[in-house]
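K.L.:
One structure, as structure tokens, below. Some questions next.
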Amino acid sequence: MISITSDTKKKLSYFVVFCLFVINLMTMAYFCSKKEGYFIDEMYTMSLSNSTEGPFIIATDNKYYADDYLNDALTVQDGEQFNYKSVYMNQVEDVHPPLYYFLYHTLASFFPNQFTKWIGLSLNLGILSLTWIVLFLLIKLVTHSSAISALGASLFGFSVGAMNSVIYIRMYALMTLFVVIVSYFHVRLIYKKDYRLKTLLGIFLFTYLGIMTQYYFLVFSFFLTFSSILVLWLRKKIRFSIKYGGAVLGSVGLSVITFPAMIKHLTTGDRGAEASSSILHNLSNYDLMKSNMTAFSHVISDGIFVSHLKNTVFVLITLLVISTLVCVYRKQVKTNLTTTSVLAGTETIIVFLATSLLYLFLIAQISPYKVDRYVMPLFPILLTISFLSFLYACKISFTNKKVTIIVLTLLVVVSSFMGISRIKLNYLYPEKNPQKVKQLFTTNYNDSIFIYNQELVPSGQISEMAQLLYYANDFYSFDLSAYISHIKENKLDTQDKVIFMGYGVDKDETTRQILDGTNFTSAKQIKDYPRVYLFNVK
């Protein structure tokens, strides 16, 4: 029988880790290639990162816009590369902190005048790669096994939630990265009892970066800090808890110093005022609170538990109870588990589970929409808790480590396949395929495109329409009465084909007014995008 040296085992283990990482990255890249269009917020990412004429894409009434207008707003122009002052000022006028936009602008600066999904997707692929690596290191702190840690990281990496976060060109993938990094340092703090200065510095730095990415990071950080301080007090580490609390408060203070606009954003800004109003209203209504939690439980179930959240929780609890009973019955189990490690592990899981549930509860009450992006940072945390709980049950049930690895491998393969094959990914938007949009415009008009922006008057923002208009050369923006007058004065109703695009309109009433006020005889709807209607009027 051929014996394998420890050095060979280590190399083989690293090879397995590398292969899992590469396969995971290739899978993400594959789904990125399937992305065809953009959600409105993704258009905001581009304009907020690259526009030097203000943060939003505006089309005021009764005005002509040339074909370079949208290109200038959405891409970095020659001579405007690495213009971080413009990015910063755009965010002052918006509702989010600037870090993700700095990174997007940096990457876009290497590709001036390029309107492409791959700028944002490449950034997110890099971010998710780092998240995978840090999650691997976090799990290895507990398991001391590269193979098992790679399986744990892959359980997240192949999940629907991870795929959606890389496809969605917003700051939530970056927030997830910083949540995982801060969690890594807290595992060192709570599980490893690492009270060194570099642990505090890591918490300080990455808490700051998380806050500068998304304000919801403050919610996660608050509950994590509160839970961790309770553990430190139970351990009678009062003096260290003061230093720890000071590090977290210092990161908040540095955020305010470097981005003072956050105070306005969080207090009197649109999102801050909306959040305050929502939580006061929702907390006074039990049925509404319950409804919000139910909505987000479905989101989490679809994102990481292949639509079987209740079954997953039931199975995990059952396994843990049975494993504990087996442990008590045997009185001694041949595992590496010690009383000290079990206690520290239990404290760690309680801290992160409490943090996740409290974050989920509060976000469910204050978020404007009940969608996955607001809870994406919880996905790796909840999956890791589930994975480690399952691992604990396996270690007690199977004394052979190889059997444990086989069982965990089956868990990752089955859950990944079920998730990706059964659940539709968000944020792909195949109906907004650029070639199809170009063909749509080429087929249905001569040279006139008009837009009517009813829902967003007087702000005039057209981010929802921008990705469509980008392929339409020039366009005119009118209110409806001025549009009808313009058509009549310029005898445009003698053309064979004219496109009218309405945003947030009553399509039947709008087309009726157009036909009544002009010589057009028909208005055929040629496309129905979310809140955007395209008509070919003749």
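Positions of Cβ are set from backbone N, Cα and C atoms, glycine also.
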K.L.:
Pick from 246-263, 462-479: which stretch is listed in TrEMBL under transmembrane segment?
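P.N.:
In TrEMBL, residues 246-263 carry the label transmembrane segment.
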K.L.:
Most CB pairs under 8 Å with the transmembrane segment (217-234): which of 118-139, 146-163, 169-187, 341-362, 374-393?
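P.N.:
When the Cβ pairs under 8 Å are tallied, 341-362 comes out ahead.
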K.L.:
Could you tell me whether the transmembrane segment (341-362) and the transmembrane segment (118-139) are in contact, taking contact to mean 3+ Cβ pairs under 8 Å with a sequence separation of 6 or more?
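P.N.:
Contact absent: fewer than 3 Cβ pairs fall under 8 Å.
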K.L.:
Go through the chain and flag residues at least 6 beyond the ends of the transmembrane segment (169-187) whose CB is under 8 A from any CB in it; none is fine as an answer.
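P.N.:
Tertiary neighbours of the transmembrane segment (169-187) are 38, 41-42, 45-46, 96, 99-101, 103-104, 117, 120-121, 123-124, 127-128, 130-131, 134-135, 137-138, 141-142, 199, 202-203, 206-207, 209-210, 213-214, 216-217, 220-221, 224, 228, 348, 351-352, 373-374, 376-381.
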K.L.:
Please report, as numbers and ranges, the same-chain residues at least 6 past the borders of the transmembrane segment (374-393) whose CB is under 8 Å from any CB of it.
P.N.:
131, 135, 138-139, 142-143, 148, 151-152, 155-156, 159, 161-162, 164-165, 172-173, 175-176, 179-180, 183, 216-217, 220, 296, 299-300, 303-304, 312, 316, 319-320, 322-323, 337, 345, 349, 352-353, 355-356, 359-360, 363, 367, 404, 408, 411
